[in-house]
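Colleague: What follows is a single structure, and I will ask about it in a moment.
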Amino acid sequence: MAVNEGLASLSDHLYGGAMALYAAGMLGYAAEFAFSRFGRAGAEAEAATTSATATPATATAKPAREPALVGATAAGAAGDVPAPAKAAAPAAGVAGPASGGSDFDGADDEQPARALLVGRIAVVLTVLGWALHLSSVVTRGFAAGRVPWGNMYEFSSMICLIAISAFLVLLVRFDVRWLGVFVTFPVLVYMGLAGTVLYVAAGPLVPALNSYWLKIHVVAAILASGIYLVSAVTTVLFLVKNRWEHQLAEVAAGRAEVTAAMRSRGGIVMKLPAAASLDTLTYRLIALGFPVWTFAVIAGAIWAEAAWGRYWGWDPKETWSFITWVCYAAYLHARATAGWRGKKAAAVSLVAFSALFVDYYVVNLFLTGLHSYAGVSA
């Protein structure tokens, strides 16, 4: 089937428009994040930065468990990340807590009016960008006369679309605009790389991909990859917040002093939800993505048998897809059986996402195998 050049060009322009709207939304999220306050859990820990004159009872109070995300299961609760003890007053030079809100949501009723307006405009821009992004994918498919995920550019575009979709779905359930800047930034980087280094013009599928399994196996891989991208973001945010909370606990206990570095980054870190809530959110995302990735691996094996006469041949793509599966399975298993939470679980999460990164970029671009057609030359 001949490529419709007009639709292909429109798809490219819609892609660029989506990036522009995502970028504008990111700036809006950043502005709201910088100049407003978010819910109680993100700030309760900061009350632990007591002055040197705090009473002994205040400084040595037993830490209370940080409440888990509302509705979290027992397996998902990040109970090993205690909230530092509350104190009478924050140390000089460190921003104090905001009150109200839940342990995960932003607190709209406490935001300055202008910051709240900017945040809501950012959400509107993100939704509009998502609509243009979806339109870009659809027009690309019509232009080429096939499903629009037949090469790395299209696959990357779909992963970014799923990541933004996951963020918007979270927004429906929770007020997580604070997450917006941390999702839109890597998505923009990913889309920029896809639109330049990985870009290929719309065209027909290579014969090896011309199968109905492309609509099953690859869609599952795209969904899981998009979810895992968001889980990697929340993992990094957890590590940042967890370190901050432990530093505050040391200050509250009188074992450390407030440093200039703590003062400089405190205004930003304190606006993140509690480390326990971020840990729980990461768990939920990985638990959601894992069965989808499992299905993608199984569907890929079935497709391999139909295409090459064997279910598994340890091709580089198959090998690294399996390694990725093992790493995410290890994360879930460690949480369920060994009770790994906090930094241990975060380390496994990042190792798993690194394996996914190798599976996608290194294998597709630098290794030769039966899946080489998935590269930029597809």
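Cβ from N, Cα, C; glycine included.
Automatic, uncurated: that is what TrEMBL annotation is.
As annotated in TrEMBL:
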TRANSMEM  14-35  transmembrane segment
TRANSMEM  121-143  transmembrane segment
DOMAIN    149-371  domain 'Cytochrome c assembly protein'
TRANSMEM  155-172  transmembrane segment
TRANSMEM  179-202  transmembrane segment
TRANSMEM  214-240  transmembrane segment
TRANSMEM  285-308  transmembrane segment
TRANSMEM  320-338  transmembrane segment
TRANSMEM  345-363  transmembrane segment
Colleague: Quickly jot the same-chain residues contacting the transmembrane segment (121-143) by Cβ under 8 Å, restricted to those at least six beyond its ends, or write none.
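Modeller: That would be 3-8, 10-12, 14-15, 17-22, 24-29, 31-32, 154, 157-158, 160-161, 164-165, 167-168, 171, 177, 180, 184, 202.
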Colleague: For the domain 'Cytochrome c assembly protein' (149-371), would you mind checking the mean pLDDT of the predicted model?
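Modeller: On average, pLDDT over the domain 'Cytochrome c assembly protein' (149-371) sits at 89.
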